[in-house]
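J.: Please read through the structure below; I'll follow up with questions.
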């Protein structure tokens, strides 16, 4: 997973490195000697260009494919004596940063999130000339790593959480239609069962045709008790019964399915609120798909606002190797990713840890 | 966030207004905002870059047509380029045919299959469905439940492991129906065995159409996924689902561009009637944050089976309380208010979410108040003076303020509709009102 992002980031990182080294190489050519005064004035161009927050997007295709013309850069260095030497100015970063922006966008990182990451990269890179001199590659990697770590969060140790809390631990699954809530519940059940927990599932999707049948088949296959009413029943009542069952039978975990709903439907969202009130979940998992684009941000924010979320489960990661929506969602609601769904089988589920992903994307060898 | 985006697009358009020559800086700004809008709508990044290049080139190089303002000129180019991206308008023939549904897991194939059954059934055709999704538990039950509600025969066998055999048997079982819709299991481009399976299904069914179902929220992946499906079975139409959420459906646009097909239908709600024919006008408007009247008209005609609401009279600006009464009644039939409002010419306005929650209750109250009015008052609301308002309030058990509010609402609707009169299929004038002046309606 995350292969696409990984490969592309590798490219851009070498470009960053190249751009920085270019600056280093060419600086001695500049006619005027370095003085402490020049150092001060050299800071000036940076704030000047920060007001140009949005890059000139047009002409991107050329900009992205063509290498920076060396001679142009050369003359620029010569004429703008003030801007010369080691300091990495906004201008030097413009091309690589723009390229990074495109890569993030193409990897389905939502526009506002991309903007934030680019801004983070810019502030942490511009002006740091001494460190750059030591090792350009390292500082770029570090900046990217920090940006991603900041966004991805720390993960959540679910088995640990369950052990340290009063039983039954109640987990509610929410999300929009078709993201894979029901399948995810089956996978999480399987995962927890293998860790030695006892589980009961509440069939809270009483709306979609065939939903109860779907979860029933999963529960049968996994040998897990399912509490369900018939189609059209009140989901809160079903889940209440599931909790009662868990109490009576000393079950460790209650997993509650809910019907998919769009965040812009007030009545469905208030139904979910009622479910939360009655079910009193210890954890709310927001389920969304890796393939979602910019809307991932909109709906994650809306779910977080109305119902809240304690963790994110990202599904269909096998479908989209780029994994950008993981970054979007985590950034938007600031809650840890807990699981990744990576296939159609029950065991196709991965417990998320930030280092795993960051190292996978950036590669520890670098 | 999205609103601020479409506002900045509006501002960029405003800057073009009143200019005699095309201003490079203004065009640059417009193109940049357009890029951001399209990327945020999930259109493929490469596609957006290519598109904006050609828009910019044309805007700067093409000669300004006589009598056309810069703003109209540029917007016309934007519109034309976007439309050309969408390919030709798809024909849906009402002849006997077989349609194969393909798509990713959870994109809404089964729901769409049932909606399509309903669509063709309403057009007077004998319809049947085959469910060859024997992988996902409950898939057969789901389609069966949906089809039973509308009395459409369905063939499927959840116990049969071989999808190909289900299809063969299904085709035999349903040989009497005119339109057969084949629902398949969800699969994605990287599952080679499943892609192989759908190729075999395609070979057996020899469908008249192979439609790709795309979730409106699908992002950049749309392009690669569509390519793989296209290579495998030759996609000739795209159905966008879940357009009732906040997603803009740009992924579908990437898919269409990749497969050289066109968008056929749009799924926009959870009930079986929530399927619209695709209309490039409306889609673009929605993507860029403008109202779309045409889809509303079509939908109104379809749902109300004629006669209830004289949309044309409304468009001519002759809009009385009687029309509004009918409109409120019609709204009930037409489904979620937000969806209808997004198609109304109020599209450019920022309606706070609370409005939608209150409104359905309020609509009912409005209707009761109007029941207390005389025919004359309904025809000519200007008659309503203080004493008449008092009478109406007493008669309907509401307060004077409530009645005044109703009148205010009526006036707002009237003004909105007036703004829309004139202009044919695609009026620049109309588009501009949405772009530029929509906000003052609030």
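Here the Cβ of each residue, glycine as well, is placed from N, Cα and C on the backbone.
Straight out of TrEMBL:
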REGION    A:20-54  region 'Disordered'
BINDING   A:175-182, A:257-261, A:315-318  GTP binding site
DOMAIN    A:336-349  domain 'SRP54-type proteins GTP-binding'
J.: For the domain 'SRP54-type proteins GTP-binding' (A:336-349), what does DSSP give as the number of helix, strand and coil residues?
T.: 0 helix, 6 strand, 8 coil
J.: For chain B, which of the binding-site residues A:175, A:178, A:258, A:261, A:317 fall under 8 Å by Cβ?
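T.: Cβ contacts with B, in sequence order: A:178.
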J.: Tell me, what is the mean pLDDT of the domain 'SRP54-type proteins GTP-binding' (A:336-349)?
T.: 90
J.: Give the sequence-ordered list of residues that share a chain with residue A:181 (GTP binding site), lie 6 or more positions from it, and have CB atoms under 8 Å from its CB.
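T.: Looking at Cβ-Cβ distances below 8 Å from residue A:181 (GTP binding site), excluding near sequence neighbours, one finds A:173, A:174, A:175, A:205, A:257, A:258, A:260, A:287.
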